[in-house]
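Swiss-Prot lists 1-37, 94-118, 184-191, 267-279 with the feature topological domain 'Extracellular', giving sequence analysis as the kind of evidence. Marked as N-linked glycosylation site by Swiss-Prot: Asn15, Asn29. Sequence annotations record features per position, and here Swiss-Prot assigns transmembrane segment to 38-63, 73-93, 119-140, 164-183, 192-211, 241-266, 280-300. According to Swiss-Prot, the topological domain 'Cytoplasmic' annotation covers 64-72, 141-163, 212-240, 301-317, on the basis of sequence analysis.
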Amino acid sequence: MPAQGSQRSXLGSLNSTLMATPSLGLAANQSGPQCLEVSVPDGLFLCLGLVSLVENMLVVAAIAKNRNLHSPMYCFICCLALSDLLVSISNVLETAVMLLLEAGALAVGATVVQQLDNVIDVLICSSMVSSLCFLGAIAMDRYISIFYALRYHSIVTLSRAQWATAAVWAASILSSTLFIAYYDRTVVLLCLVVFFLAMLVLMAVLYAHMLTQACQHVQGITRLHKRQHLVQQGFGLKGAATLTILLGVFLLCWGPFFLHLTLIAVCPQHPTCSCVFKNFKLFLALIICNAIVDPLIYAFRSQELRKTLKEVLLFSW
């Protein structure tokens, strides 16, 4: 990747998967289909990253402070927060470096820029892969806690959770390094897309099965009550809404980015696909939004964690 390209890319080597796609660089007024290009100001991009950064730092600090939260479930939640933290740090860092280079406030050689670009790319990709893995791990942990409740503490031990998280981090770093090294190979892009779809299917199946089991449990409890139908209907709607939020946020925030990768592999030269490529920075912003939403869904719903978070905030003041 040329030095100038590395200074301007929104995601370094990942964005340079499109180097072979001339249409990506088309201006909005050039020939081709009418494209909807959503501009994400650098200021907004940085603000989203900083909000996510602070939010996930608080989650990590709260879990580290409270020994009652040193359990397998919170181990996965903490690692998810760390992954989202790295997503935010890497994107904010790259955007800040890019702005400084464009403003001429940072004078470094092309070789240094290239090396920095590669390091940030590996950091971004590994944090994305690990974030997806820990979302799947949280779903599996909840599934085991429901369907194997009596054996849960013997199946999901803290040591096993720690080994699993170490394996996820190692696999994420290795896979992201290979991805950056072979970003121009179609099979690499397709592997990432298949991985995303596998995580989506895994989460959908596990959470749907948990919802079905919960509805059956409520049905058994309310069988003798007069307002059985209303209770079942209310619980079913609440469960369906929760499932929709979980999978909807996941698909909305991650789906466009992996659609982007799919189109690079399938139709890199097609004018319609080039319209999607123009919104690459928007897709990154959505991933950062996911890093903001994750603590709200998985961490802050815990009363114990919220209590510890208040203590952390009061202590910091």
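Note: Cβ is positioned from N, Cα and C throughout, glycine not excepted.
For each listed feature, how buried is it and what is near it?
Along the topological domain 'Extracellular' (1-37), the predicted structure has mean pLDDT 45.
Sequence-remote contacts of a segment are chain residues at least 6 beyond its ends whose Cβ falls under 8 Å from one of its Cβ atoms, and for the transmembrane segment (38-63) they are 69-70, 74, 77-78, 81-82, 84-85, 87-89, 91-92, 95-96, 99, 279, 281-282, 284-285, 288-289, 291-292, 294-295, 299-300, 305, 308-309, 312-313.
If you look at the topological domain 'Cytoplasmic' (64-72), the same-chain residues 6 or more away from its ends with a CB under 8 A from one of its CBs are 78, 141, 156-158, 160-161, 302, 304-305, 308, 311-312.
Proximity of distant same-chain residues to the transmembrane segment (119-140), defined by a Cβ-Cβ separation under 8 Å and at least 6 residues beyond the stretch ends, is recorded for 11-14, 73, 76-77, 79-80, 83-87, 89-91, 93-94, 97, 164-165, 168-169, 171-173, 175-177, 179-180, 195-196, 199, 202-203, 206-207, 250, 254, 287, 290-291, 294, 298.
Here the topological domain 'Cytoplasmic' (141-163) has Cβ contacts under 8 Å with residues 70-73, 75-76, 206, 209-210, 213-214 of the same chain, all six or more residues outside its ends.
Note on the transmembrane segment (164-183): residues 13-14, 16-17, 75-76, 79, 118, 121-122, 124-130, 133-134, 137, 192 of its chain, located 6 or more positions outside it, place their CB under 8 angstroms from a CB of the stretch.
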Can you tell me how the residues of the topological domain 'Extracellular' (267-279) break down into helix, strand and coil by DSSP?
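The topological domain 'Extracellular' (267-279) comes out at 7 helix, 0 strand, 6 coil.
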